[in-house]
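Have a look at the structure below, then the notes.
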């Protein structure tokens, strides 16, 4: 977890991201789901027994800069996350998280929904 905090503290918006490369299939990922609007894949550094990301194919660097026109797309990410969670057997529950900015722990400046499950989640999360 400390590694993710360090990454978030130095990450900056702008330019291409690792997620853009995954969308373009320039680097491999364990893809769970894909449609014309988004992609879901397993996190390379899982923080729970099941941990995957759902990302829009449209580049949106942060939730704070999303446009009103992105509302349907952002909602779609949650619906896809719910369906993938069910497909992966997370029937006892799961957590959905979007990190925003460096203090929020955002380490990649391409909006992404974390879905974590497979164990009891704790509160508070931070």
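A Cβ is built for glycine as well, from the same backbone N, Cα and C atoms used for every other residue.
Predicted, not measured: the structure shown is a model, and the values here were computed from it.
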Residues flagged as motif 'Histidine triad motif' in Swiss-Prot, choosing from 100-104, 105-109, 110-114: 110-114
Among 25, 30, residue that the record in Swiss-Prot marks as N6-acetyllysine: 30
Annotated residue, N6-acetyllysine, per Swiss-Prot; candidates 21, 58: 21
Tertiary contacts of the motif 'Histidine triad motif' (110-114), as residues 6+ beyond its ends and Cβ separation under 8 Å: 17, 19-20, 43, 47, 51-56, 59-63, 66, 74, 77-78, 81, 95-99
Candidates 21, 30, 45, 72 (modified residues) - the one closest to residue 114 (AMP binding site) by CA: 45
AMP site span - longest C-alpha distance across 43, 44, 99, 105, 106, 107, 112, 113, 114, in Å: 17
